[in-house]
């Protein structure tokens, strides 16, 4: 295992406090000058690692000493991370640059539980940290032969444009009210397991041609800007139990892939279409964000599709590079990703313990890295209703770019367990110093692990949840509780359906999930709309073209429901969302006739359904 090297660096405050200076972040009115010094100094001739796995910095802020703890942002880049740019003649150039020894860190201030930090140590220290609710920035002073840095509050940066920037999302495209009103106790075991699971967003960032020109046609400068931004986004989403990993970066260095418009909604649609028809075919990812140098109409700084995550067309957002300070642009991008993850704008009653929250409709001068109570509830409601699967895909152990580090709570190649540092570990089965099982221990975690030993073969580790499920049993040879379920095709729900992959999908339940408790399945005549081959009715898509159902397959296309609420007189309701046109289709495995179930838009023999 790699031994984590802790380096203490003192930042001695220079006995001068500046009144005004022009920095990368802009014109700063009030700042402190500090000089990083390593303590203790390395012995003469010792080899200095380029970027340590963990570091500490001591310095003073407003005359008070603070200690900044930093850890390298492991998993910031995926193993298959790639970068694409274009030659002057339009030739695509894709590389897989080595990013193992990167220089991007997360951290916190000692004795401040609510503090955060996002720092680049590539050329000096650049980034932000929060201290007692205030946001501070640090960046190197560009002085010859000097290690001087400036530390200053964001509020001391002169604002170039006093007009507030806003997100362009102006309305709800979906309603999660039926879910919001449900209590946690009403969740199915499947929904509860989904909520508890850690989520991963595999992100591709794209910089347009205007960005390339804005940063002097310098690929390295644009790349560094994007790295700084994603490092902040990663910090923001940690508190939501979501890990954001950069899997790809694309820079349009010869021309834009489409004509960008100042109308943000038009540009978003064009970008989303390009992503689906081009980018997804050559780079697997969950979400794409465009960073553009164009000025959108009015105060709009960005736009994203609400609830579009995992959708080939709608898992996308666009953000204007509207501020020199990268972490403000990062907050805007995190905001648009929040929309993709099902979160709408905060209302006046929403709180996060700060002056502003990530999902505020207007980008505040008070930078915030916190999601509000409303955002958390909306995100949970979205997850319960849609259960998007792409964000459950955990990176393989070999996908972690950096060598394994014992003590980071992530079980990597060569580790049996990882319970944190020796000071924080509370796991009696795991040796925190080596991340190996203690002598005599067979396991450290898992539903079939009890007091460091495998539970006996045949021990029930998870009860059956319904008639299509089976009680899961331990094998006596593993800590894992393997999921088992009844064979596909077994009748269920009083012969109204057939078991399919452990569930009993029937149309009535699907209508209730979409329209509420008063919903029921429409008359057969409504399903004839599936013969038309448009968004009102179809059975499948081929190259984004809706294919009409054959007459025998009409019960395997769009689901038609009747809502018996007094205000609803339509006997043929469909659920349509511009963020996901396929939502509201009859689910695979649903009974479509006696002895038959839906499979790929066809009504087939129940034993052939897959």
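Here the Cβ of each residue, glycine as well, is placed from N, Cα and C on the backbone.
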Exercise. Hey, which of 186, 218 does Swiss-Prot call N-linked glycosylation site?
Worked result: 218
Exercise. Along the domain 'Disintegrin' (403-488), what average pLDDT does this model show?
Worked result: 86
For this session: Could you break down the residues of the domain 'Disintegrin' (403-488) into DSSP helix, strand and coil, giving a count for each?
Result: 0 helix, 16 strand, 70 coil
For this session: Round to the nearest Å and give the CA-to-CA distance linking residue 335 (Zn(2+) binding site) with residue 218 (N-linked glycosylation site).
Result: 27
Exercise. Can you tell me how far the Cα of residue 339 (Zn(2+) binding site) sits from the Cα of residue 218 (N-linked glycosylation site), in Å?
Worked result: 31
